[in-house]
Amino acid sequence: MKLSEPLLVSLAAFSQAVTALVAFPGAEGFGANAIGGRNGQVYVVTNLNDSGTGSLRDAVSATDRIVVFAVGGVIKISDRIVVSKRVTILGQTAPGDGITVYGNGWSFSNADDAIVRYIRIRMGKGGSSGKDALGIAEGNRMIFDHVSVSWGRDETFSINGDASNITVQNSIIAQGLETHSCGGLMQTDGGVSLFRNLYIDNKTRNPKVKGVNEFTNNVVYNWGGGGGYIAGDSAGQSYANIIGNYFISGPSTSVTAFTRGNANFHGYVQNNYYDPDKDGQLDGFELGVSSSNYGGMAIMSSKYNYPAVAYTMSPAEAVTYVTKYAGASKVRDSVDTQLIAQVQSWGTEGGLISDEATMGGPGTLNGGTPAKDTDGDGIPDEAEKQLGTDPNTNDSMKLHSSGYTYLEVWANSLVPSTYH
């Protein structure tokens, strides 16, 4: 979609009716109406193998699946995982400490209607050269919620090309590996919502934005000399809302929060805070609404009519929320625990890394014990009794009165559905 004026990037890009069922309770933004595998089949991941029956790679290799887990732990992969269309990945269903996928990256290119929740994607030094930890080149309607992504060799989390209606919310985008060390590109005219995320320890592109973007209540910590939020740096036209974010300098930070904008980048900005002094206290100030404070972008007087959050936090509230809940936070692993501790040092800790060994690698996870599931339909017997389904009949994909499958109703009950 080629944009010529802001009116073209309004809710028209968010074409579903406002009454459409959202991906899960709490889904927001451009990607809120992704359907995932709701009209397909359940696939239960039963092992930590790189491939083969019962593996995560096999689970996402076909369309129209809801993926749940009867195992927890670290899945070590050699090649990139390529995700098919209309796949839901519900990492919160894993027992123990959940799921980490380590060793290479993921492609969600053309993975229309993806829903991804509560999983860790950690690429690492041994991953494919010049590739992202999580990359999307094209595709429509995707939402990533409570995902921890780190150690990309090119970008860590990037969205490019003919991609549209995508949300990344409540997630951690961390530690792109040197020498590139990039948070990621967010450059599509089709609409990307970034809500309540943590960008941390990336030298540059935290993120770099072109096209249509809603950037609300994010925390950016310890960006390097390449820049924090990079505003287009392009002859192309961009239109963004930038609201209620907090930028906190760390040991690696040597430039201001916003860089490399120009008059082609049109930004509505409101209540963004900046703490540059690295003094061990969160004591930032509101950035004045001027082009010079926002990297030279053209400042707009009216907010773009994009799908917004239900509740806009203050920047301080966003920091409190992100440090408590962002990423695959049902159980925080050792990596995310270290990253959050860096943020809470308020400028005194953190660094750019070239090898994940600096963080102790992906760590170890308690695999837990899967609950009894007699019929193998993905819902534990005890939960089926509470739902009113039959523990002896494969009925998890039947629709509940809410419009979700019974499997989704159960999985959604395992984690919070609101953030305020």
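Every residue gets a Cβ built from N, Cα and C, even glycine.
In Swiss-Prot this protein carries:
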- 1-20: signal peptide (SIGNAL)
- Asn49: N-linked glycosylation site (CARBOHYD)
- Asn165: N-linked glycosylation site (CARBOHYD)
- Asn202: N-linked glycosylation site (CARBOHYD)
- Arg205: active site (ACT_SITE)
- 262-297: domain 'EF-hand' (DOMAIN)
- Asp275, Asp277, Asp279, Gln281, Glu286: Ca(2+) binding site (BINDING)
- 358-396: region 'Disordered' (REGION)
- Asn394: N-linked glycosylation site (CARBOHYD)
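Taking the features listed in Swiss-Prot, we show where each one sits on the structure.
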residue : record                      : DSSP (3 states)
Asn49   : N-linked glycosylation site : coil
Asn165  : N-linked glycosylation site : strand
Asn202  : N-linked glycosylation site : coil
Asp275  : Ca(2+) binding site         : strand
Gln281  : Ca(2+) binding site         : coil
Glu286  : Ca(2+) binding site         : strand
Asn394  : N-linked glycosylation site : coil
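Within the same chain, residues at least 6 positions away in sequence whose Cβ sits under 8 Å from that of Asn202 (N-linked glycosylation site) are Thr156, Ile173, Ala174, Gln175, Gly176, Ser181, Cys182, Gly183, Trp223, Gly224, Leu352. When the recorded positions Asn49, Asn165, Arg205, Asn394 are compared by Cα distance to Asp275 (Ca(2+) binding site), the shortest distance belongs to Arg205. Checking the recorded positions (Asn165, Asp277, Asp279, Gln281, Glu286, Asn394) against Arg205 (active site) with a 10 Å Cα-Cα cut-off leaves nothing. Counting in whole angstrom, Glu286 (Ca(2+) binding site) lies 30 from Asn165 (N-linked glycosylation site) by their C-alpha atoms. The local packing around Asp277 (Ca(2+) binding site), expressed as other Cβ atoms within 10 Å of its Cβ over all shown chains, amounts to 13. Neighbour counts of Cβ atoms within 10 Å were taken for the recorded positions Asn49, Asn165, Gln281, Asn394; the minimum is at Gln281. Taking Asn49, Asn165, Asp277, Asp279, Gln281 as the recorded positions under consideration, the smallest Cα distance to Asn394 (N-linked glycosylation site) is found for Asn49. In terms of local Cβ density within 10 Å, Asp275 ranks first among the binding-site residues Asp275, Asp279, Glu286.
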